[in-house]
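Below is one structure, written out as structure tokens; comments come after it.
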Amino acid sequence: NKRKKKSHSISSIFCCIIKHHHNFEEMGEMTSFQLGVVGALFLSVASSVSIVICNKALMSNLGFPFATTLTSWHLMVTYCTLHVALKFNFFENKPIDIKTVMLFGILNGVSIGFLNLSLGFNSIGFYQMTKLAIIPFTVLVETLFLKKQFSQNIKFALFILLIGVGIASITDLQLNFVGTILSLLAIVTTCVGQILTNTIQKRLNISSTQLLYQSAPFQAAILFVSGPVVDQFLTKQSVFAYKYSPIVVGFIVLSCLIAVSVNFSTFLVIGKTSPVTYQVLGHLKTCLVLGFGYTLLHDPFTSRNIVGILVAIIGMGLYSYFCVHETKRKQVGDHSSIAQVKEKDTTAPLLAGKNGQVKENNSLV
């Protein structure tokens with residue numbers, strides 16, 4: 001009996017060591033994942049704010065108004081950069097169904113075109129409303145079709161965020177039929193494209209780099225063809241007749257290089273978090289752009305902008321807090337359920353009697 005108790009104690013200690021070892025491994029993986037998310041968020045914010053300032057200087061100060069065509073150049077440079085990185089084995093290409101990639105790329109390209117057309121046909125205020133509407137529409141689509149649950153705390157934080165961004169950025173609301181239709185199309189295509197970015201990466205087990213590498217040519221192609229037409233329709237100028245000075249070319253090259261980081265971080269953030277989190281991050285960028293515009297470019301800034309930004313920051317803080325709190329609670333639940341399953345699987349054979357019945361274990365762990 002003493003030998004059996006001793007063997008049971010040793011077995012129990014061994015099981016505990018294995019369980020704690022797995023827990024440490026899971027904690028290490030979770031820590032590295034969280035660091036990766038923080039890095040992706042920082043890269044997205046830094047690159048997006050940089051490209052907005054660069055493009056604002058290019059379009060407002062240097063008179064280059066061809067936004068859609070510039071976006072097609074961004075995507076072409078992104079693809080070429082990733083192709084070079086692939087040749088140097090910085091990442092491994094993973095084949096994806098050509099129909100999936102083609103439809104995904106075209107959808108993202110079309111969404112960019114609709115957003116630019118929406119800006120052209122609507123006032124700045126209505127365009128900002130269009131961007132704000134992407135968050136509630138994304139929540140609605142994910143709830144109805146993907147059965148994703150959003151807690152009341154998350155919804156409240158998003159509501160505060162949207163109110164703050166609305167106060168800070170919306171100045172006038174001028175409605176027209178064509179502009180409203182274009183805004184609705186922009187909301188739907190942007191929302192579906194971002195949800196697919198997250199879904200494809202997780203279901204096909206591919207990285208953001210692999211998805212961006214294969215979809216970028218199709219996005220670039222649709223914008224390369226439609227961009228000059230859309231830009232000429234909106235600006236009454238031709239991108240081919242524009243006189244390119246060295247400083248304009250320099251800013252275009254700089255914008256394309258920054259865009260590589262923007263496109264990569266966009267796919268990275270959506271893949272690691274969610275489309276809703278990416279939209280929240282986008283509104284943080286809006287607040288930062290307003291702040292940088294006032295500081296560096298001396299844009300007009302009112303007390304309304306300040307109040308709106310402060311309210312938006314409170315909403316972002318609440319959203320981050322509730323997300324982290326719910327993620328930790330879910331992790332604790334997952335770890336406890338995994339530990340219970342492992343304990344049942346490992347202790348039952350060791351403590352079973354001759355007839356397969358489990359005996360009581362009196363040893364301490």
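Keep in mind that glycine also has a Cβ here, set from the backbone N, Cα and C atoms.
Pulled from TrEMBL:
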- 47-320: domain 'Sugar phosphate transporter' (DOMAIN)
- 35-58: transmembrane segment (TRANSMEM)
- 64-86: transmembrane segment (TRANSMEM)
- 98-119: transmembrane segment (TRANSMEM)
- 125-146: transmembrane segment (TRANSMEM)
- 153-171: transmembrane segment (TRANSMEM)
- 177-199: transmembrane segment (TRANSMEM)
- 242-264: transmembrane segment (TRANSMEM)
- 306-324: transmembrane segment (TRANSMEM)
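The transmembrane segment (98-119) makes contact with the transmembrane segment (177-199), as judged by at least three Cβ pairs under 8 Å among residues 6 or more apart in sequence.
Distant neighbours of the transmembrane segment (153-171): 124-125, 128-129, 132, 135-136, 139, 276, 280, 283, 286-287, 290, 304-305, 307-316, 318-319, 321-323, 326; these residues of the same chain sit at least 6 beyond its ends, with a Cβ under 8 Å from one of its Cβ atoms.
Beyond the transmembrane segment (242-264), the same-chain residues lying 6 or more positions past its ends with a Cβ under 8 Å from any Cβ of the stretch are 43-44, 46-48, 50-51, 54-55, 57-58, 62, 64, 66, 70-71, 73-75, 77-78, 81, 208-209, 212, 216. Over the domain 'Sugar phosphate transporter' (47-320) the predicted model carries a mean pLDDT of 87.
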